[in-house]
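Participant: Here it is: the structure, laid out below.
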Amino acid sequence: MTGNIVQIQRFSTQDGPGIRTTIFFKGCNLRCAWCHNPETIDPKPSLGFFPDRCVGCGLCSQACPENAIGPHRQSFSPEKCRCCGICVQTCPENALSLFGEKKTVGELMALLLRDRRYFDNSGGGVTASGGEPMLQWEFIRELFAACRQNGISTALDTAGNVPFAHYEALLPLTDLFLFDMKIYDDAKHREYTGVGNARIQQNLKQLLDRGAAVEIRIPVLAGVNDSPEDMKKTAVLLGNAPKKVKLLPYHTLGLEKHLIVGQNNTRKFQTPEKEHLQELAKLFACPVEI
Ligand code: SF4
Ligand code: SF4
């Protein structure tokens, strides 16, 4: 079995406690309007292009066996590209990148074990993120079982939209669930993410009822999900069961990634004021980090 991976980020400090290696899995079943990782959405491999690095030398066009790239890279035909990676190797400016690589558990463990002492010294470990890593839950079960055998702590960053049985399979192997709660209101959730939130809320409740360690992550977008009324409803739903709630104010970092993967999505939202976030934090019964 192999995992479909976009990126592996070592020495991460944002994806759970301590120093971590975060593995970004490819494929997602939500379509959040503010997505910061668009390269992870499509489960298929894809070619990324960094226009600001390109000097228009045309070497990629000459090298492509499928004629998918026009001279000097002024055009690209994704339907012709079979993601062979030849142009990526050819480009002298690192202006091209392949998103999506198959990795075995053995290959990932070799990488993780190199950082074992950083994990041990900092209370860190590995985090499976994405995309939606739970779309590859069977592979993650194998990976986390290997981590258990090697004493590496595990965290799973999920948006919650898969059958609960899949979480159940991972419960004994997961030290911390980083669970996204995007919008309390179901209709609004559907409008901004493409799916309703009934299953997500049900999964969260079941994880909490089963005593799993859960950190809730709420992206906060001004005018979308930052009303005290909506946040209060989320706070009531959670009670004091989660380990921690993290409010993540919207930011525009990463918006240019949409251009890198060939999407013209430049939709922007507003970042809520810090004082407003501090007021929202007071609504929760459990510890809140902003
Ligand atoms: S990845 Fe291969 S097929 Fe796709 S554009 Fe590059 S060289 Fe052509
Ligand atoms: S090889 Fe790289 S720098 Fe040259 S045209 Fe292609 S993408 Fe641009």
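Even glycines carry a Cβ here, placed using N, Cα and C.
These came from TrEMBL, pasted as-is:
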DOMAIN    14-290  domain 'Radical SAM core'
DOMAIN    45-74  domain '4Fe-4S ferredoxin-type'
DOMAIN    75-101  domain '4Fe-4S ferredoxin-type'
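Walk me through the surroundings of each of these features.
Facilitator: Per-residue pLDDT, averaged across the domain 'Radical SAM core' (14-290), gives 93.
Through the fold, the domain '4Fe-4S ferredoxin-type' (75-101) approaches residues 4-7, 26, 39-40, 43-51, 53-55, 57, 59-60, 62-69, 260-262 of its own chain, all at least 6 residues removed from its boundaries and within a Cβ separation under 8 Å.
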